[in-house]
Amino acid sequence: MLVSYKWLKELVDIDVTPAALAEKMSTTGIEVEGIEVPADGLSKLVVGHVLSCEDVPETHLHLCQVDTGDETPRQIVCGAPNVKAGIKVIVAVPGARIADNYKIKKGKIRGMESLGMICSLQELGLSDSIIPKEFSDGIQILPEEAVPGDAIFKYLDLDDHIIELSITPNRADALSMRGVAHEVAAIYGKSVSFPQKNLQESDKATSEAIEVAIASDNVLTYASRVVENVKVKPSPQWLQNLLMNAGIRPINNVVDVTNYVLLYFGQPMHAFDYDKFEDHKIVARAARQGESLVTLDGEKRDLTTEDLVITVADKPVALAGVMGGQATEIDANSQTVVLEAAVFDGKSIRKTSGRLNLRSESSSRFEKGVNYATVLEALDFAAAMLQELAEGQVLSGHVQAGQLPTEPVEVSTSLDYVNVRLGTELTFADIQRIFDQLGFGLTGDETSFTVAVPRRRWDVSIPADLVEEIARIYGYDKLPTTLPEAGGTAAELTPTQALRRKVRGLAEGLGLTEIISYALTTPEKAVEFAVAPSHLTELMWPMSVERSALRQNMVSGMLDTVAYNVARKQSNLALYEIGKIFEQEANPKEDLPNEVNHFAFAICGLVAQKDFQTQAQAVDFYHAKGNLDTLFANLNLKVQYVPTKDLANMHPGRTALILLDEQVIGFVGQVHPGTAKAYSIPETYVAELDMAALEAALPSDQTFAEITKFPAMTRDVALLLDREVSHQAIVTAIESAGVKRLTSIKLFDVYEGATIQAGKKSMAYSLTFQNPNDNLTDEEVAKYMEKITKALTEQVGAEVR
């Protein structure tokens, strides 16, 4: 919100500098982003009167004689297409400074002496987006009353201080000059002074010319007035200056009046050309699927049933709360104007403006809320301004559909409630003074009082809001420093936080380095490594396609990080991340996705460097699986690894799904060579786990076992097996023998070679047995080995060598 300091002083009688005002507002709840004076950096810019203007043959130039208040006219060569004799212009005399600190000097153009420069507004540093279109390609023409030789700043209000406010969603009442004036008046204990317009109505009633109706619950109220015999022309300079300083381009007097009322009241308005209506009944309704509308910017908008439209003869003529339609826009030939003032549901407007990427001053105010109490007042004010600036005749009365509550909202509390929460010792007289400054009504006493909150402050509705208002006006800096009276509560990690912290510690203990990757990625990468892809959740208006969809896996983001580092000659990497993936089982356009915590890691390169006594050792599947085994052992979880070829981006012979209680919770393996090539990375091993599943499976209680004093006994067994039999199948068979004293199963050798028949392999295991309460005997261990051998023979066809 850009606030004109000059305009503000017309509404509130304050005698403070803009800088002091900005500091005071920032400390009372409305942050000031900065203060800008458009004239800063500009100098020696004066009013010039073009006495004569001659075309220079065979050029686009003009040789002008300009009166700048000196004894003799000043000769200036100008190339602007709209320069002509008789107009008042902006002249930068030699030595002047214009935008970008450019200094004007005497010069010669095509051999003709030029003693200055006739300036456009762009050359004064104003943005193209706010300059009237009639002057966008030429010089600015000043009002007739401008005096040659005068500094131009006062004629264009370039000497005004523009205060930029950062308005939070709860203070949308400050999105208007009246709202800001009320705030400033409360801060300084002043009264507001709002100008009144003398509205003179004709004998003809508005209801004779137009009627309105509402056909949607998202239209809270809709009101109109009609102004006849208007003369569409440029607005007076003061109004153009005011709009440009607020960041709005002047269009014509009719449109400018609606924008003025928007800034003044915070009430969005629209003006229709009545003569372009096919019917005299306006209906505000929901759009129908398949309908479309060409808006004022010339774009065709395809509508949905979630959009609100203003219709005439059942045809959309405006996108309610967002932008008007081109078919009924005001132009130079318009004579009868229909003014619209309405209140639309903020959520509906937000959806429409977001879907169409069409945000406007009007839509932002409807989204945040408008003052119910001034809808009709703003409508009457706009009609009176058209009467004044466009010589229009205002039809009597207005037509309205839908009524809104305008009476103050009553909120009750007590003095004790206030003081306990602020740590103060305020008296009831203090409270009365503060609410009087705010313009709120107050009845009752210190035991219990009721505050009548005006509709302009729709953010105040509960006792806590009243406490905030008291604190703001009393002064946050005056609040005493106090300690909480309630006893403290010992902090405790949630199960999710505890698991996250433990996994992070284990990962870093394994030598992994934490990274944080983007949750937004491409639609392809979002599902690239997902075990069970769901509906894709995409942004409607992404900054780039690389950040357009919410990820459903974390590995793709980790591989981007691997690629980034490999490209910079860092090829030995061990990375991990704990973050969220986003699963969407419903409609992504209507429902939010489920956020699920995942853990993932990626390793590549060497785990051991070559030296005088050690060979270089590259990472492999077993390093990745070993990391997971350590993790699961420390979490006291038992998982299964099941080989899989179903993950297209993983190596079909070096990938396994991870099962916990028969449910897939993740995967581990080598990235498919084709995928690795696409990422420009070397052989890389990755794993990803669902941490929510881990948390659900964690044992609730930990049982500590006494360390036994009795020795363990170990037996080695070599097995001849079919080549297809996996290590997991062998472990499962050994465990199925049900030997309770078996405490460890370790694979220490795998052999395939000439001494083994084709299609076979040898696998050697070391089995450890221990009785925590007694010594084991050789006979007992022999029985255990017999049971295990039998299970291996029956289940995997193993032959003990």
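Yeah, the Cβs are placed from backbone N, Cα and C, and that goes for glycine too.
Here the structure is a predicted model, which means the values were calculated and not measured.
As recorded in Swiss-Prot, the features of this protein are as follows:
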BINDING   D459, D465, E468, E469  Mg(2+) binding site
DOMAIN    39-153  domain 'tRNA-binding'
DOMAIN    406-481  domain 'B5'
DOMAIN    708-801  domain 'FDX-ACB'
Mind tallying the domain 'FDX-ACB' (708-801) by DSSP state, helix then strand then coil? 29 helix, 32 strand, 33 coil
Residue, out of the binding-site residues D459, D465, E468, E469, whose Cβ gathers the largest set of other Cβ atoms within 10 Å: E469
Across the domain 'tRNA-binding' (39-153), what are the DSSP residue counts per state (helix, strand, coil)? 13 helix, 49 strand, 53 coil
Average pLDDT across the domain 'FDX-ACB' (708-801), rounded to a whole number: 92
Suppose the Mg(2+) site is D459, D465, E468, E469. Which further residues of the same chain have a Cβ inside 8 angstroms of that site's Cβ centroid? N170, R457, V460, A464, L466, V467, R472
What counts of helix, strand and coil residues does DSSP assign across the domain 'B5' (406-481)? 34 helix, 14 strand, 28 coil
